[in-house]
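> First the structure, then my questions, so here it is.
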Amino acid sequence: MANSPESSRHVLSDFRAPPPSPVASGRRSSVANDDILTEFLRSLHVPDLVLPDRAFPRQNPKIQNLPKLDFGAPNVFDFSNDHFAEVIKVIAQTGCFELVNHGISDRLLSSVINSGAGVFQLPPDKKSAVSRSAERLYGFVEFHGDDKELNEEFVWCRDDSLKTEMEEVWPIQYSNFSENMENLMSEIEKISEILLKLFIGSATPKVSFGDFETKEKEIDGSICYIYKHHQNSDSVSNDDQYMESLRYDVIRMLIRGSEHSHTLCFHVCDGSSEFHVYSKKGWVSFLPDKNALVITIGDQLQTWSEGKYKHVIGRPIFKGELENYISMAFLYSPPPPVPKDKKDKTITFGHQLFLVLILILLYNIFSYIST
């Protein structure tokens, strides 16, 4: 009996393609010359990949003495002096040095440190009102009570928004604190300008104006990180917990290193037990002199010097008997250069007067010709 159209469609819908036939194990490859392919694969050299055994950089042998610049010595910047040339060479290699006889009074430094300690005495609700976020780089850092987060920090800058917000939560003391910070920042900026001329000379740094425009920054100019180092007796007595806390703080510090581009970083860390310098090659430690400013090279100076001066990150270590210590890191960033096209558009008063005289002369000539 003939099949109906309905039954044909039913048979087609139930049709399933058969599975592929298995290939026999003894079947040869479809490649024309199997020996040539085998020889080619054997000739390939796979590179040996060496993965780091730890995320934390290794510690190099301890530095006994760091390069020192005596800012108050006569003819301190005499390039003909062999000793001075050797000091500059060591500074370029280590990326860190000590500045002694810098001229900043101990009274000003003590006043700023004491005022900075008062910032962290604000209650938690007022700190959260001026906490740092992705939209602003100033204010307090939020902590979540983890055992590794033993320290606090506060970022100060010349931003008007910070001044307004801090005067609301700290109305009486902030004006005095901000004035002291401004005075100390001005002294550091004067020293920074002299040091930059020493390191890169009077020549214009090899950086274009577009580099400043393409890099968006919330804060323009210099800023200051104020750190509160809290001594936890349990963590200090246990070396493993101490090193774990140190690693955590260093990782956070390395991440923050890219937040604000700078040329020089001035560390005010009187009373520190050690000072650690971190770079891509590892980290070293030394004992800074009393009343000396420890200065580390920033990323801008490394770029401007075409790699002559190495960019490093520094951190003071406190292991004293006090419960809390205060340290400060001033990041100096010079103002961006004025582009040449904007300079050329400026017309001085003399040029304007000369143009007016020419117009008057032309007017008189045309008036005489017309009459």
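Cβ atoms are placed via backbone N, Cα and C, with glycine included.
TrEMBL labels come from automatic prediction, so no person has curated them.
Annotations per TrEMBL:
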type     : residues : note
REGION   : 1-29     : region 'Disordered'
DOMAIN   : 78-145   : domain 'Non-haem dioxygenase N-terminal'
DOMAIN   : 270-313  : domain 'Isopenicillin N synthase-like Fe(2+) 2OG dioxygenase'
TRANSMEM : 349-369  : transmembrane segment
> Counting each residue once, how many in the domain 'Isopenicillin N synthase-like Fe(2+) 2OG dioxygenase' (270-313) are helix, strand and coil under DSSP?
6 helix, 17 strand, 21 coil
> So, by DSSP, how many helix, strand and coil residues make up the domain 'Non-haem dioxygenase N-terminal' (78-145)?
33 helix, 8 strand, 27 coil
